[in-house]
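Structure first, then comments.
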């Protein structure tokens, strides 16, 4: 049947042959031809159904094999995933252990570092304390050496040193005196204390009463001694004593003198007498030049000052020397207090400061000892 179907398909119908679309009622051969046509179409349809069934069976087999393959692959993937999960757990445990060890190591290192820092700070504090004590001892020893030198080379009223006081010598000997003595402003306080311990004993005992305001200011300054002018204690003394005492006619030189006194760089030394023939020495010429550099007045100047290491000397009168010395004595004493060299209670120290202030007031008013 298939061969006849192929032969019929290869032989096309002759041109001009038309088949009726709708059969007529009087045509008797149409049912037969219709039956033949139906029988010819039935055979290809069964072949196509067979092919479709075969395709369907093969697709089912492919699906089953594919699903089996996918199931096998899924099982393999699940096994691998379980292995990887176990490996991840093991690695996470290793990581946690390493992190714990790292934290412990970091903590131990920080603890060791803090311990080393504490030990270094303790050693540094001990070294600084020893250094401060050593410096204090050095300052104390220097002060004691300066005081001993001052006591050795300085005269006292009971045993005056005639080399330092030309007015005590005879005119013939005074004319041939050569050289000069030097004393720094730092040592003038010791000179004043040594001389006043013997010579300045009052005939009648004076009464004293502590001023509450001044004593409170001194106590506040004593707790943290400083040379800063802004504190109430030194500000009052500057206003009432220091500046008026060092206020000379020559304003520019007066300011330089005040700065030198504050910086402890002022030098006072006696003027060396000029060598002149015996018998021609006048009394007013024994002291040296005749004009004071600070007041500008014609005075017999027995001393001269030098500001720092400038090398310039200024001749000063006895009154100006007394005023400068009084201020130097005050600054020397408060420097000793600041350095911890004064071992006294607060009240005796206060009265010593008041005594030094009184000396500045007297010198400012023009009172000075005759040996000046």
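In case you wondered, yes, glycine gets a Cβ from its N, Cα and C as well.
These figures come from a predicted structure and were not determined experimentally.
Taking TrEMBL as the reference, the stretch among 117-155, 156-194, 195-233 described by the feature region 'Disordered' is residues 156-194. Here the domain 'GDP/GTP exchange factor Sec2 N-terminal' (65-149) has, by DSSP, the following mix of helix, strand and coil residues: 85 helix, 0 strand, 0 coil. Confidence in the coiled coil (67-151), given as mean pLDDT, stands at 88. As a summary of secondary structure, the compositional bias 'Polar residues' (44-58) carries 15 helix, 0 strand, 0 coil according to DSSP.
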